[in-house]
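Here's what Swiss-Prot has on this protein:
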- 1-24: signal peptide (SIGNAL)
- Tyr25, Cys45, Cys48, His49: heme binding site (BINDING)
- 293-313: transmembrane segment (TRANSMEM)
Amino acid sequence: MKRIGLVFCALLLLLGMGARPAAAYPYYAQMAYDNPREATGKIVCANCHLNAMPTRAEVPQAVTPGQVFTIKVGIPYDLSKQQVLADGSKGGLNVGAVVVLPEGFRLATEAEMTEEQRQETAETYITPYSDAKPNILLVGPLPGEQHQEIVFPVVAPDPKEDPSVAFMKYRVYIGANRGRGQLNPDGSLSNNNVFRAPATGRLVNIATLDSDISDLPAELASLVPPEYELPGTRVLSFESESGIHNLVVPPGPELVVAVGDSVKEGDPVTNNPNVGGFGQVERDLVLQSPDRVKWLVAFLAAITITQVLLVLKKKQVELIQAAEILG
């Protein structure tokens, strides 16, 4: 399952997202982080997906050792929305999710799942975050229209086989995003972000790349990075007291300024094309001992039997007292 998932995701990235995609794919966290959950509790996907959107999660209250159970992650959003793709065109939103399980918990294999669980996960390719962290699960990119809910099949550990695991209450951390990120893994802006004026001054020129980088003057063409050599890329020139400042705006964001407009440093010169976002939730999960459950059932049964016997004894005493009175 892991190999298929990685191949599938790699193909999507190569075919659809361009040279530096800021996508709804948790796999980008693997490039820079050994652990996708920071010490503060924040899942690192939020570092690139700056807009907050809701995430829903269904986690069992308690599980027993060896039990195969499912965690359901809901990723709601307005299906009528379309996002800006890497080339500036519009398209549907993709989704991705990450589930940080307690250590010892892992992804269930197909052989361990029930038929119902196989059907629920048939079109999702879930992989561990790394060989060293099989308790952290990733999925995506997936078409958002068909995957507003993602099911993760999980196996609970057995403390008898793994001494590092105990019967206790644990926390499960879940994050999900829809749409492309606003930042690339290297921290640069993606074309799914707002671009701002680099200096206070006046916009004096807008040069647009129509088909080839040669469309631009040489002094401006050298400013355009290879990943932005796309039709629709614009180079904005601002005249300020310190000289000319240029800003490269890739295709996608729409300009909200025109030549001759005065701007202040940091003012937005494009709209915000982002329609997606990231959300994170936490849930409790108890690893329950079957022996404790058995003893609890036995204890409750004993209490019930004792109460019944007390009622019967009380009735017996009442009958004896009634007979003595009548006699």
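A Cβ is built for glycine as well, from the same backbone N, Cα and C atoms used for every other residue.
Shown on the structure are the features that Swiss-Prot records.
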residue	record	CB count, 10 Å
Cys45	heme binding site	24
Cys48	heme binding site	24
His49	heme binding site	30
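In the three-state DSSP reading, Cys45 (heme binding site) counts as helix.
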